[in-house]
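**Student:** Here it is: the structure, laid out below.
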Amino acid sequence: MSPPLLKLGAVLSTMAMISNWMSQTLPSLVGLNTTRLSTPPDTLTQISPKEGWQVYSSAQDPDGRCICTVVAPEQNLCSRDAKSRQLRQLLEKVQNMSQSIEVLNLRTQRDFQYVLKMETQMKGLKAKFRQIEDDRKTLMTKHFQELKEKMDELLPLIPVLEQYKTDAKLITQFKEEIRNLSAVLTGIQEEIGAYDYEELHQRVLSLETRLRDCMKKLTCGKLMKITGPITVKTSGTRFGAWMTDPLASEKNNRVWYMDSYTNNKIVREYKSIADFVSGAESRTYNLPFKWAGTNHVVYNGSLYFNKYQSNIIIKYSFDMGRVLAQRSLEYAGFHNVYPYTWGGFSDIDLMADEIGLWAVYATNQNAGNIVISQLNQDTLEVMKSWSTGYPKRSAGESFMICGTLYVTNSHLTGAKVYYSYSTKTSTYEYTDIPFHNQYFHISMLDYNARDRALYAWNNGHQVLFNVTLFHIIKTEDDT
């Protein structure tokens, strides 16, 4: 039996005891028990009127109320004798007691509902604290707030429980249990350092604002990890290039697609990645020259590519539909003299990063090792060059991030970023940054500074790799 039902049973038993006491004890107190009833409790014995007054009770009816029966003597007895006065006094006491019992009955019914409610809430609390004990360290602040609200609902029930004077021990037990629960909750709060929901919400908003401000101050970072790839589309031949403009506005998401590494002059344009996936072309461009390799780049609205069978770089404006500039890259090898490991006329690799436009190639003067040149995006003039010691023919692909060239050791399965060269410090280091070559053959790998991603052509699949950079926070003192 649950504690509330036990409680109700205790109250009803108390009522029965009061009724029995009235039937057995009160007559003797007033001298009216000259004859005792010996019949069973629920039957009424015929009493001679001359035997005097008798008080008889059946203890309680099915509804739990007290029933008292008084048998009076014959009417010719003196109504003003001492026993009559005592009887009237007794009747008044009985009536008072009956009224008290009725009030107690109403209070019991009302308080019983409170007890039922408390039983449900206590069961809920028990389940909650089991959950807390199972995983204290990961409990969210919202759970604490819910528990506090439950405790606030329980506190008003304490005065109700105190009305049960006949069972003070049970009341004490409830109060002690609530105190214990409160102590446990307080201890957990102190241990985890929790705050109420509103305070936590404000802290989160403040943190978000600070993080946004911090992101605005992020400068270039060092490559730490490459994840993916995400396959965007499967199309074209084994070799090709696809790209977006890193300097385009957020609303401008045009995609350019250049299939194959030679004997082609057609550039296909799509208004968005979604159109690219669905194949909905918005425009095609017929270039005045065939391109060599797959290492082209779109930068600030223009396409930069290597003219077939030469070391000439072409700048072609998509908006104007014509060549804006062209220049020979002095001493640069071309037409598979110094290609990447996969061949494909990949001698000259054009790329862009946060700093600007770059060309990566090799020369005889540098013994076939990689040379990095920063280009003027308007005139294509070489602004500055860096000679490295890494053989161009041993490189699978390369890309620039924040002025640092990252070189892979292969274009096949098991490829990883193996070497890096910083143009800022003119120093190099050997690295070990693996990435998943899902389709086994990479013929194009370029970094997009706006998307913070690597665009790749992976054996006829157009894929994206996510990059993780170790950022340096630019403070106000550095601006």
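Sequential numbering from 1, following the chain as shown.
Backbone N, Cα and C atoms are what each Cβ position is placed from, and that goes for glycine too.
All annotation found in TrEMBL is predicted automatically rather than curated by experts.
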**Student:** Given the ranges 171-217, 265-311, 406-452, which one is assigned the annotation coiled coil in TrEMBL?
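**Tutor:** Here TrEMBL associates coiled coil with the stretch 171-217.
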**Student:** Of the candidates Cys78, Cys220, which does TrEMBL name as forming a disulfide with Cys402?
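**Tutor:** If we follow TrEMBL, the cysteine bonded to Cys402 turns out to be Cys220.
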**Student:** Would you report the average pLDDT that the model assigns to the domain 'Olfactomedin-like' (219-471)?
**Tutor:** 96
**Student:** Take the Cβ of Cys220 (disulfide bond) and count every other Cβ within 10 Å, whichever protein chain it belongs to.
**Tutor:** 18
